[in-house]
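A.B. asks: Okay, here's the structure, questions in a sec.
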Amino acid sequence: VIGGTNASPGEFPWQLSQQRQSGSWSHSCGASLLSSTSALSASHCVDGVLPNNIRVIAGLWQQSDTSGTQTANVDSYTMHENYGAGTASYSNDIAILHLATSISLGGNIQAAVLPANNNNDYAGTTCVISGWGRTDGTNNLPDILQKSSIPVITTAQCTAAMVGVGGANIWDNHICVQDPAGNTGACNGDSGGPLNCPDGGTRVVGVTSWVVSSGLGTCLPDYPSVYTRVSAYLGWIGDNSR
């Protein structure tokens, strides 16, 4: 998260750190706990990765302190059958992680509440993005979970804001947030994690998908951050989680 602040411990109890093994384990993406055995993430976070090289940590606040957390390996995952790999705009960028061991719910570990239906576009609602993604133009990731409050914009506003960005297609199954001041947004490492919106309690209404970055890889928060719209996939999530 660019321009964010430290979250409080347990503030987003469904937030997971999705980690990849390559020599050692390290944070690669976010995810949201759906149940004790399933998690919601982005297809681009798992595309081409062997399941036994993926794990999630629940109840985590600080990457350097795993006390009170639970770790579960991933035994398989389901990517969306129409995931648009290779396109700049990652269509249907959603996936379910199937956990090899159950996570016990309670305290700072809770399942996410999803939207009830696809009736609310959340435009104009100030929501909260969260993640352990980059906080600046370097590859350095924060130790403490970051958050930032940003308003949701309409699909039309998001499309207009992306004019001139090569390959940036915005569809109705996207949901975008944009900081009017251009100071805060998602970045690499936030992918797969939640867009948290107030709606009779907090609901996870988006999965972090992509952002605009410079040729040097610096995320540009003056452009919208683009999320997969969870409410467009409620049936798919129900069919593929356990």
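Note that the numbers count up from 1, one per residue, in the order the chain is shown.
Cβ coordinates are placed from backbone N, Cα and C, and glycine is handled just like the others.
I grabbed these lines from Swiss-Prot:
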ACT_SITE  HIS44  active site, charge relay system
ACT_SITE  ASP93  active site, charge relay system
ACT_SITE  SER191  active site, charge relay system
DISULFID  CYS29-CYS45  disulfide bond
DISULFID  CYS127-CYS197  disulfide bond
DISULFID  CYS158-CYS176  disulfide bond
DISULFID  CYS187-CYS219  disulfide bond
DOMAIN    1-242  domain 'Peptidase S1'
A.B. asks: If you compare CA-to-CA distances from CYS187 (disulfide bond) to each of the disulfide-bonded residues CYS29, CYS45, CYS127, CYS197, which comes out shortest?
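C.D. replies: Minimum Cα distance from CYS187 (disulfide bond) across CYS29, CYS45, CYS127, CYS197 lands on CYS29.
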A.B. asks: For CYS176 (disulfide bond), what is the secondary structure state per DSSP, taken as helix, strand or coil?
C.D. replies: strand
A.B. asks: Measuring CB to CB from ASP93 (active site, charge relay system), give everything in the same chain under 8 Å that is also at least six residues away in sequence.
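C.D. replies: Set apart from ASP93 (active site, charge relay system) by at least 6 residues yet with Cβ under 8 Å, we have ALA42, SER43, HIS44, HIS80, TYR83, GLY84, VAL207, SER209, TRP210, THR228.
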A.B. asks: Looking at the recorded positions listed here (CYS29, CYS158, CYS176, SER191, CYS219), whose Cα lies nearest to that of CYS197 (disulfide bond)?
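C.D. replies: The smallest Cα gap between CYS197 (disulfide bond) and any of the recorded positions is with CYS176.
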A.B. asks: Taking all residues of the domain 'Peptidase S1' (1-242) together, what is their mean pLDDT?
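C.D. replies: The predicted confidence over the domain 'Peptidase S1' (1-242), as a mean pLDDT, is 95.
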A.B. asks: Could you measure between SER191 (active site, charge relay system) and CYS158 (disulfide bond) for me? Cα positions, answer in whole angstrom.
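C.D. replies: With distance taken Cα to Cα, CYS158 (disulfide bond) is 18 Å from SER191 (active site, charge relay system).
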A.B. asks: If you draw a 10 Å sphere on the Cβ of CYS29 (disulfide bond), how many other Cβ atoms land inside?
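C.D. replies: Counting Cβ neighbours of CYS29 (disulfide bond) within 10 Å gives 29.
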A.B. asks: Could you tell me the C-alpha distance between CYS219 (disulfide bond) and CYS45 (disulfide bond) in angstrom, no decimals?
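C.D. replies: Here the two Cα atoms are 18 Å apart.
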A.B. asks: In DSSP terms, helix, strand or coil for CYS219 (disulfide bond)?
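C.D. replies: SS state of CYS219 (disulfide bond) = strand.
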A.B. asks: Rounded to an integer, what is the Cα-Cα distance in Å between CYS127 (disulfide bond) and CYS176 (disulfide bond)?
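C.D. replies: If we compare the Cα positions of CYS127 (disulfide bond) and CYS176 (disulfide bond), the gap is 11 Å.
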